[in-house]
Structures are given as C-alpha cells and as structure tokens.
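Written out below as structure tokens is the structure these notes cover.
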C-alpha cells in the first residue's frame, strides 16, 4: 500500500460519516447523501494522486459531495421528479439543546436515524454499517453471508421507509433518549457479537473486522454522547472482550475457555482503557445499566493475573445485579456458571436444569450442562449434553472445543 | 404529515376492556393539541359487506375482505410532524383503547 492509499483509507474511515451526515442534513435525503459521498471519494481517488491531498480533506470531500448532490437534485427536478421533493425529511433546527451532554455533531443525527426502532433490526445493522461505518454493500453482505443484491435491497428498503414513513433526521427528545440510545447500542453490540463469536460455520470463528468496526463505531458514539453511562459501559465491555481476542482461539482453531487462556497474550492497553472506563462509571455514583454491569464482570475477570485468583463472589454479586436489570434465562445461565466456581457444580447444575425449557435450543445451555455434568463425574449424561451442544453450535472453534471435551470423557459409562 | 393509526382487533379477545372514558379523553387531547383529523371505532367485521364494481356491474357480498385473527377495529387519522411524533400519539392511543396500533403514513390526503 502506498502512502497515498493509506491516507485515502484513513480519510475514508475518519470522514465518511461526517460527509454523509452533512449532505443528508442539507438535502434531507439519505439516498442522495450516500451516493454523493461515494462519488466524492471516487473523485478523490482519481484526483489526489495528481493534485495532491487537499489541506483539509474532510472539507474538500464535503464540498465535492455537495456539488454532486446538487447536480442530482437539479437533474431530477428537471425530469419533474417531484416525488423525491415531497418526501424529504424535515430538518429540525430548534429542538432541545444538549441532551445528555450530546456533542452537536451531524453524525449523531445519522446514528439515531439509522438505528430507529421503526426499522427491522437487520435493516438497522446494515444501514448503520453503510451510512455511519462506510462499509460497502458488498462488505456488509459478506459479513452477514447474504447475496450482495439482497443486502442492497435491504438497505434500499430501509432508506425508502425512512423517507415515506417520515422517520425524522434528528437527535431524539430528552425523554426518549435513554430508550433510543439503547437501540443504537443494541445495533453495535450485535455487530460486535457476530464478530466475537461468529454464528456460522462458514466464516472464521472470530472476525476481527467486525469486532474492530463495532469498537470503532462505539468509540464514535462515545465521542458524541460523552455523558451517557451505558455508552461508556458498552465500550468498556467491548474493549475488555477484544483484549482477549488473540488468546481465545488456539493455533488449531479451537476455542480456549477463559480459565485456560494465556493471560500474558491479553492486550494490556485495551484492558487498561476498559478498566479506566469502568472506574469512571463507578465514580459517577449513578445506578448502572446492563452494559455497565457486564463491563464490570469482565473487569473482574481481566483483573485476575491467574484464573484461580478470580474473585468469584464479586462476579456472582454482579450477576445478581444483572438479573435484576435483565431477568432473562441467558443471564441466569451465565450467573450459574459463576455460581459453579463459588458454590460448586452441584448447586449450579440445579439452577441450569431449571432453564431447560426456554434454552433447549441454545448451544451454550447444553455446553454449560455438559461441563457441569463432567465435573460431577456423570460421564454418560455429559456426553449426551456435549452431543446436543455440538449439534447446535455454529461456530467452528466452539464445535472443535466441545468435540475434544466430549471425546476426552471416559468410554462406555 | 398525516398518519393512520389503525386499532388492531383480535377475534380471540373481542371484549372492549379499555378504561371507561379513556378513548374520549384521548380524542379530546388530540383536538386540543391540533392533531385530530378524523377517527372512529368500527363495528365487527361480521357486519362488513364487500363491493366489487371492477367489471361495471356491482356485486355486493357478505363478509370482510380478508379473514384473519386480527382485524381493523377502528382508526384515527392524525396530523404529526414526523414518525416520532406519530409514534408518541400511537402510544397514547394504544393505552387508551387497550389495543395494538399500526402506524402508517398517508401518501397524501384527498
């Protein structure tokens, strides 16, 4: 890669969302903004090698995209395409100032519009990655294993609904903000999780492109909403998980569980940053939301230099707090895993067995049961549970790990 | 913009268990706030008649146009700046009539 390629890549990463957001605001149309931004970057790729990189690349791109957008609007109005004009989203110039210490940045409007609850979750994810993240439709299609045309249609439909249904281009009202921020974070967390534990056997078990993109976008949202505790919590959570990435899969492509990981291979810089965020939230004295509690749990794990030094009583106490915020069976399952370390596998197994009905189709339920049964010496039951878990697991590293564990059980019991 | 707030009825639970007076109060509020365009409850789908005059000779037949568990029980047409404002109204509507509400923008009003 030449220096110029690197510069263009960096400028694309840093400026894409701002260009799209600014044009969207000015022309009241996401579709126009997306096309104009893409055209502006294409022109940059063409011209910068000869003309040199402009002193302010972001401003150059915004101006160029603005001209392209204007050209298109003129072309369409000449054709009498009045439909477009009628559905432009209305610009909100007044509105409440400074909700939650929000930075006045066009990109914040873009983030909230792309993650609007009136859009289906898969459309929100695709739109956020395209409009805010600047990924191409082909890249997003590959990330979610769908045809490029399918992904293109998904994004087109979402843009059409935004226009036709009158989804506003603005930061939500203060009273709606917590719920709407939660919606944005759900999108980012979904992208991160798909990278952290890919759900399909057809991809790499860990996809650093997706976790990296999720971290980058969460950093951006944190920059835009610096006072929001859950934003800080989600960023901390991602950093503390991302820090362990290289230790999570062995050279043979097998999942390495937390207790077996080489803690020296963890990324200390990310851990320190994550811990600092968790401490910042503790100091705030505000009651934490679920991402903050999850981050705190991961902080306890990453605090221990050796798995045996883990403060399990603290982990269980944090899970108790999490269960109060989110009493879902999956949270109860994760709590039981910590309980096994504190009170033994027998106590944990009773709690896990109580979740059989809601979690029967969830591979982690059977994997957890299998491990507890193994520790209790119930090899035949453990084997059956491993079989179920292997059947349900999509991730290749996880399947490899579970298969080895099953095959290590003594035969014929 | 104008939005249609559709009240979704359910054939498995047709009792009107909304709080007495809640819908009237909601309507009054819509009028006070300048959001009201039109609205009303509908009788049961059993009382529907379908007209087909596509061929020039009108045929009238009994029954709703589509048989389903969920049906149109009533509706409002409201004036709202954008979807967020319409969703906020629909939340009030759902609470008032104790039913699910579908929100759809009009593609222009006649």
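Using N, Cα and C of the backbone, Cβ positions are placed for all residues, glycine too.
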From the ranges A:16-43, A:44-71, A:72-99, pick the one that TrEMBL records as region 'Disordered'.
A:72-99
Which residue counts does DSSP give the domain 'RNA polymerase sigma factor 70 region 4 type 2' (A:113-162) for helix, strand and coil?
36 helix, 0 strand, 14 coil
Secondary structure content, the domain 'DUF6596' (A:180-280) (per DSSP, counts of residues):
71 helix, 2 strand, 28 coil
